[in-house]
Amino acid sequence: MNRPPETQRLFFALWPGAEIREQATQIAQRMLGKRGKCVRSENLHLTLVFLGSTTEQQRACAEAVADTIEGTAFALRLEQIGYWSRPRVVWLAPRETPQPLIELVQQLNQGLTACGYQPEARPYRAHMTLARKVAGYFPAREVAPLACPVEHFYLVRSVSYPGGVEYQVLRSWPLAQ
Ligand code: 2AM
């Protein structure tokens, strides 16, 4: 019998530096206390495109797409705290999505259709999930902006364990200055 091809759960993401991630964790812990499950500092990121279950062949295709991206570096001001009640997550996001970020996501989505991925139907909402399983209502608010220079984007693997999830950064691509 043929075994199904091995797959990895992958996504393209922005991965802010350790200092920004640490500050974001402190904001989350201060605001949420025990109301939710705060994402560990080393796991904090902003997803660009979620690929999901990916074969070796699709991964090679996705990397080839990333090789062709002509992106520009930009600065992200993370300052808006919000809550999505259905996934029950609290997130940190820029108030406005910088144009180079919109274009980066568009280029990736467009290129990835050639690898057999369905582009995300919902409009892109840049966000860093700070906490999951947050019960009840959580009012939107602003925090002192975290200024986050973005000079690369990353291909990341998500590995689930009984105790949680680990993200492994597989590759990075620079954005032009
Ligand atoms: P989230 O942080 O908003 O939950 C790894 O799982 C990353 O991919 C997370 O940032 C997660 O977004 C995102 N992700 C997980 N499943 C997804 C899906 N089905 N569609 C879009 N993004 C998803």
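Cβ from N, Cα, C; glycine included.
TrEMBL assigns the feature motif 'HXTX 1' to residues 45-48, out of the candidate ranges 37-40, 45-48, 133-136, 169-172. As annotated in TrEMBL, motif 'HXTX 2' covers the listed stretch 127-130 rather than the other ranges in 23-26, 127-130, 139-142. Among residues of the same chain six or more beyond the motif 'HXTX 1' (45-48), those with a C-beta under 8 A of the stretch's C-beta atoms are 11-16, 76, 104-105, 108, 126-128, 153-154, 156, 167. For the motif 'HXTX 2' (127-130), the list of distant contacts is 16, 24-25, 27-28, 32, 38-39, 44-46, 78, 81-82, 89-93: same-chain residues at least six beyond its ends, Cβ to Cβ under 8 Å.
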